[in-house]
Each structure stands twice: as structure tokens, then as C-alpha cells.
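Trainee: Shown below is the structure under consideration.
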Amino acid sequence: MLTYTLTVYTGGRFLSGTTSTIYIKLIGQEGESDVKKLNPLKGVSRASEKQLTIETENTLGELLFVNLQSKKFMGLDNDWFCDKILVETPEGDRITFPCYRWIQAEKELKLRSAKATLVFQDINPQLKAERTREVESRQEEFKWDFYADGVPEIISADTAFGLPPVIRFSYKKQAEFLYNSARILISLKLQGLANNTEQWESIDELHQVYVGKKTKTYEYVEEHWAEDEFFGDQFLNSINPMVIKLCSTLPDNFPVTEDMVKGHLGDSTLEQEMQKGNIFLCDYKILEGLVGNVVHDKQQYLTAPLCLLYSNPDGKMLPLAIQLGQKPGADNPIFLPTDTKNDWLLAKMYVRAAEFSVHEVDFHLLRTHLLCEVYTVATLRHLPCPHPLFKLVYPHTRYTLQMSIMGRNQLISEDGSITKYSGIGGQSLPKLLSRATASLSYSALCLPENISERGLENVPNYYYRDDGIKLWNIINKCVCVFLQYYYKSDEDVQKDTELQQWIMEIFKHGFLQKKSTGIPESFQTVVDLVKFVTMVIFTASAQHAAVNNGQFDFGGWMPNYPSALGKPPPKEKGQTTETTIQQTLPNKSTTVNAMAIVKLLTEQSTDFVSLLTLLRLYRGGHPGFRKY
């Protein structure tokens, strides 16, 4: 008799164990084993390892599958989370069959070995059939749905419970999220602020608000938010370093004169500084014409400002001029640092409010969450488990679909928090989202090209660029090493039908078949593939961290990041008082609920997996990385 030794690893998640009876069978090229019970009468414990042996009269040949079947014990419906199964063959080979999913009672599952293969490399009829069955099954399970005109399509699921359990939050993450939400809400209610629609009597009152422990960055923002130096630096190193660009010629609709900025450029002139590459522009034209939301029965106002900045000889980015609308005129003055303190401060606050809208809708929601949702759905629909690209990309999609669904339901739905407590909520949000989608380009999603297109290669103290390029290059090298191991030639890329269907689906459902985006419809070379996959992983990891993780740090102090402004922009100078500013800022309820939103969005769960951890796992688990 020949002996196969199996070690079955049950996951460490809450309730991963089962009382169901698990049946296991080995399937090889030359035959099948008998079925054997894993756990007769004992069940399977969470985070356990169980060994069993399966004996056969003859060799099974190359092992193709481990077949698992779960049967209810005494009628109890009890799912089981299996991590993997390690099989030691009579020939001494050790083969891993990864699972990492829930197995429902009365269900059967075939596990393939961890070996990655391209579709044309699977010659065995059973492997080919199982590969096709897996893709077809996933396409029934994960379907596209319309969200809004001119916006990427989304997963067809109204709630997270419409997703398979393996895609949803772990019990730990779900419990932590519910606990944090309740803790913050209770805190606001105890302070009498959650539903208080009174205006703040002074900005100093905000120092007493508590929604969670303040970080050092939060405290720095609290102290320096009104300073020009900090205001300018945030365009480079805060939560939205994506708008600022080099200004070599002033826009026709922003008539800043030399006299206006005289004294702020040393002995130089505006024209000279533009030629030197020291003048920069933030233009929020994308907001033009959008109507502000109504919050607590009060009209809010959106502006589409232009902000001119100067990188001085000390490397500090300083604001030179602000125009709060796109059409110049007597009723749309250009505000300057030499204006009254209150005029200048209020102008900067309108810019920061525009930042809130553009950051949250364009650079956070669209360019990370919605696009990552597209990449995730396409991956699940077209790349089976043995595909090398599935193994590379799938770990970066963890929780993506549930986060997207929860964001739509709890933040931007009719009763969502963004809708209720921000100026961009309501009818203008889908319009802004559509405009942002129309402006998408492949080059803007690829950091090196994005930096170059905005002319920011040489601006000093741009840490997002410096750190981001390092991370981009690390990811790119890893992706290159990995994919070149599996794709030996451009021809391999071209004949990988699963890969070609994957990118076509992304082009169709994510970028709405717009050739103008520059998004590929197919891949012709390994180089093309490496670049695109680098962008996908960078977006899902580093880019999302850049635009999300600092939201409470920089946005928790409301005057620095107002979600709504309750007065129209001033049409003349010299009229703004401290009272004007207080009446323009969000009321108490809007303020604290917006603070709660950014606090929750930046809470990190204890089962968080870092990019570095994933890269190390790749190195240890895949042949392509062992030389890297």
C-alpha cells in the first residue's frame, strides 16, 4: 500500500472551526483515492492542524485536486474555514493546496495545488474543465451593476451580506468597526453635539470637542492651520497632494498682476518666477456650476477657486493670490495676503472647503475605491485561482467590495453621512463624480507620469512624490520579477485569453470604453502588463493610504477642512469679520459628524496586512521572487 500524509490547517478566524463532518479525497492523473473522514465525531477546532493518512494500492500519479466535502452533523449548519492542506506523497513530494475560504455544509470543493499556471499551460482535461467551471461560477456570483451616468460600474450587491463570506469583513474587523462607530456616536451624544444645530460662538470652542485621541499631527494642525506656510505645504504633503501643478502662464480667467504680488517675491517678478519654475496653481474648475447641498435646512455653498502659490528660496510653498470663482470681475475679487486678516483667512477656508469636495469625491472615492472595486470585480470574474495574476493581485483586494458597498450605503446614499453633512452631498455629488470620471487618464494613475505631467519633478519638500516614487519603483520591480517568471515572451501575454478578458472588462466597465483615457484594451507586451499591474497594486495600497490615512490628522480640525460652508463667497473685500467666519463655518452637528466620518475612515483594524508583509509573502511563496 502507498501512503499519502495530509495536514489540514483550519483558519484562526472567529468561528473557523466546525462540527460538520469533513470528507477528503485525493484525485490524481492516474486515479482517485477512497473518501476519508477528517474528523469523525470530534469536529474541527479553530486554528488547528489535523493529520490523516490516505492509503492507495497504486500511485495516483501527479496530484490534481484535493476534494473536500462538508456534511452537517446532527442537522447543524456549520461552515468551516480551511486555510490549506499539505500533502506528502509516497514519492516524498510536499504539495500545498491553498484554500483560504469558507466551506459551507453540504457543499463540495476542489482544491488545486498552489502552482500557478497560465490558461494555455493547463493541458490535462480535468484541470481545464475545473478552470472553466471556476470562472463560470464566479461570473454568476459576481456581476456588474449600474451606479450613475458616466461613472464606473459597481458590484451587484445591495449590502455586504450579498457577498460571499470570504469577501466580507472578518468577524474581528466587523466587531471593531461596530465598536468604534458606537463609541464615537455615544461620545458626541454625551457632549450634546450630535444633533445640535447651533453655530459655534468661537473657533476656540472646537478645542473642547472629543471624537477620539488626538494625534501629534492633529495637534499641529490645530495650532498652525491659519498660517500661510502650513496652508501652502498641505498642497504637497497633506491628504490631497494631487491638485497642485506648475504654472508657467497665468490662466486668462485669473488676472493676477505684478502689483498684486509685489513684495512677496523678493526682488523678483511674477513673470521671472514663472520662468524659473517657482509658481504653482491649484484650480478647482471641476466644481464650477455645482449647487451646494442643503444641510439642516440651510443652503450650503460650493466655490470653484483658483489659488496661486510660490515656492520661495527657502523651499516653502506660500499662497500668493486666491480667486473664489472661475469668472473674473468686480464681484469676484482676487484675495491677497496683504488684505485684512479675516478676508484672507476666509478666502483660504473656501479653498480648503473645495479641497474637501474634490479630495473626497475625485481622488479618494473615485480614484481609489471605485477603481479598485473595478479591478477586484474583473479579477474575480476572469482570473481563476491558478492564474499567476490572481495570486499577485487578489491579496490587495481584501475587503475592497464590502468597503465600497458600505461607503455607498452609509456615506453617499440619500441618508448617508456625506449627503447629510457636506456641501457636496445631494444632487451635485454624482455630477462631480461624473466630471471626475470624464477627466480620468491612465497617465494620471501612474505616479511617475502624473508627477511629470504636473511639472512637479523639482519642487522641493514634496514628500508624497519622494516616498511615492520609491514605493512605485519597489512595487514595479516586484511585479516585473513575478510576471517575467510566468510570461517568458510577449507572445505568452497575447495568447493568455483570461488576461485579455480581464483587461477588456476593466476598460469596458471601469473606464466606460473611452479610448481617450489611454487605458489599454488589451496587452501586447510583458512591459505593458507590468506597468498596468504596478498601477493597480500602487492604487490599492500606497495611493489609498496617501489620500485616506491622514484624514483625521489633517481634517479632524474642522476649520482646516470644512465639509460645508453656509454663506456665499464674499463679493467685495473688507467686509469679513470674525462673526462672518463663525457664521460661514459648519454648525456644531455638521462639524462633529464630519469629524466622526474622517475618524472612522482612518481607523485601522487589528487584522490589517501591510504592503511590506505581502511583498515578503510573495518572496517566500513564489519561485519568481526567490532571486529578488
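Glycine is no exception: its Cβ is also placed from the backbone N, Cα and C atoms.
Values in this document were obtained by computation on a predicted structure and should not be read as measured data.
Marked as domain 'PLAT' by TrEMBL: 2-117. Summarising the annotation, TrEMBL assigns Ca(2+) binding site to Gly17, Asp79. If you look up TrEMBL, you'll see Trp102 marked as site 'Essential for stabilizing binding to COTL1'. Summarising the annotation, TrEMBL assigns domain 'Lipoxygenase' to 117-628. Feature annotation from TrEMBL assigns Fe cation binding site to His364, His369, His544.
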Trainee: Which one of these binding-site residues has the most other Cβ atoms within 10 Å of its own Cβ: Gly17, Asp79, His364?
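Mentor: Answer by Cβ density within 10 Å: His364.
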Trainee: What whole-number Å value do you get for the CA-CA distance of His364 (Fe cation binding site) and Trp102 (site 'Essential for stabilizing binding to COTL1')?
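Mentor: Approximately 31 Å lies between the Cα of His364 (Fe cation binding site) and that of Trp102 (site 'Essential for stabilizing binding to COTL1').
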Trainee: For the domain 'PLAT' (2-117), what's the mean pLDDT in this predicted model?
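Mentor: Average per-residue pLDDT within the domain 'PLAT' (2-117): 86.
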Trainee: Which whole-number value in Å describes the distance between the Cα atoms of Gly17 (Ca(2+) binding site) and His369 (Fe cation binding site)?
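Mentor: A Cα-Cα distance of 32 Å.
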Trainee: Within 10 Å of Asp79 (Ca(2+) binding site) by C-alpha distance: pick out those among the recorded positions Trp102, His369, His544, and say none if nothing qualifies.
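Mentor: Final answer, ordered: Trp102.
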Trainee: How many neighbouring Cβ atoms, not counting its own, are there within 10 Å of the Cβ of His544 (Fe cation binding site)?
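Mentor: Here the count is 19.
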Trainee: What is the number of residues in the domain 'PLAT' (2-117) that are helix, strand and coil, as DSSP sees it?
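Mentor: So the counts come to 0 helix, 65 strand, 51 coil.
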Trainee: Relative to the Cβ of His369 (Fe cation binding site), which residues of the same chain, six or more apart in sequence, are found under 8 Å away?
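Mentor: When sequence neighbours closer than 6 are ignored, His369 (Fe cation binding site) has Thr400, Met403, Ser404, Gly407, His544 within Cβ distance under 8 Å.
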Trainee: Near the Cβ of Trp102 (site 'Essential for stabilizing binding to COTL1'), how many other Cβ atoms are there if near means within 10 Å?
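Mentor: Its Cβ has 21 other Cβ atoms within 10 Å.
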Trainee: Taking the center of the Cβ atoms of His364, His369, His544 at the recorded Fe cation site, which other residues in this chain have a Cβ no more than 8 Å from that point?
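Mentor: Here the nearby residues are Phe363, Leu365, Arg367, Thr368, Cys372, Gln543, Val547, Asn548.
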